[in-house]
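As structure tokens, the structure follows; a few thoughts come after it.
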């Protein structure tokens, strides 16, 4: 018995204590996974466009009406094209279509993107040209990375189809608009909606950031255009003057002007410093004007019209000329970086280049 008792004591003295066992088990456990908290982005100072840049922009007057003619026409999609956008630095074009795909073009197709479950309504290049944002009838906004060749982020939150999107110049924020009567500001770093802009009483049809600014422009089927401080989500100015639903609005990069177009074909221009009434108007009707774009100097507008024509409007005089070449409604239009070429796309699935 003494021998047995001695062995038990010897064994108990060499065994680890309960505290030691607990400590050993703690060490053996894999470290607990911690969830990374993504930081919100910060808005850059709102300094506006540098004077030298504005002077450079204004030094280019662009081409005259008579000098534009159809140089090239390409069947880019089998279904209607809803939107096109030009790469910020290169002659690379992206097209978004009712076939639920986007395609990247440089003469020939470079890349195509599939993932939306419904038609595409809008597309916008990231300021550095490495990514693309798209909007769709499936109510989502998607971010695509060209180097990875896939969708890297899907933003959900709108209740109805999304119509358009626009990047802030810093590249950290993306604005979207929807038939749900709202526009949303998304933080791409924290991957969340930072603000929902609620003032319009009908579908918000377009959204656009002023370059190098925290100002955001929206237009709506409620016949109004609104200018917002994107940092605060506050509407600073409402432009009144349309008598029909507004389809699109755009900033001039060279001046303080804003242009808008509506479903009756009326094109209005506004000075953001004196927004009480339109400065000038061009009538491209009677059919709908679907999109409007300023040229490099801000002295000419290109308008995508439902009558199958691209209309060129002289800002100062309001005079209108037409470019014929599409076989159906023109849905989207833009100028190249120098304002010497007009690029248009329409319901005929074609991309036309005018130079």
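Even glycines carry a Cβ here, placed using N, Cα and C.
TrEMBL annotations: computationally assigned, not manually curated.
Remember, it's a predicted structure, so these values are computed and weren't measured experimentally.
If you look up TrEMBL, you'll see 1-10 (among others) marked as compositional bias 'Basic and acidic residues'.
The compositional bias 'Basic and acidic residues' annotation in TrEMBL covers 21-42 (among others).
Annotation comment: TrEMBL describes 1-44 as region 'Disordered'.
Averaged across the repeat 'WD' (74-105), pLDDT for the predicted model comes to 97. For 74-105 (among others), the entry in TrEMBL reads repeat 'WD'.
The repeat 'WD' annotation in TrEMBL covers 113-154 (among others). Sequence-distant neighbours of the repeat 'WD' (113-154) (same chain, 6+ residues past either end, Cβ-Cβ under 8 Å): 82-90, 92, 94-104, 160-171, 174, 176, 178, 186, 188, 191.
The repeat 'WD' feature in TrEMBL is assigned to 155-196 (among others).
Residue counts for the repeat 'WD' (197-238) under DSSP (helix as H, G, I; strand as E, B; rest coil) come to 0 helix, 23 strand, 19 coil. As annotated by TrEMBL, repeat 'WD' applies to 197-238 (among others).
Among the features that TrEMBL reports, repeat 'WD' is placed at 323-355 (among others). Same-chain residues lying 6+ beyond the ends of the repeat 'WD' (323-355) with a Cβ under 8 Å from its Cβ atoms: 60, 62-63, 68-86, 89, 91, 93, 95, 97, 105, 287-288, 290-297, 300, 302-312.
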The repeat 'WD' (74-105) - residue tally per DSSP class, helix then strand then coil: 0 helix, 18 strand, 14 coil
Helix, strand and coil counts within the repeat 'WD' (323-355) (DSSP): 0 helix, 18 strand, 15 coil
Secondary structure composition of the repeat 'WD' (155-196) [DSSP: H/G/I, E/B, coil]: 0 helix, 23 strand, 19 coil
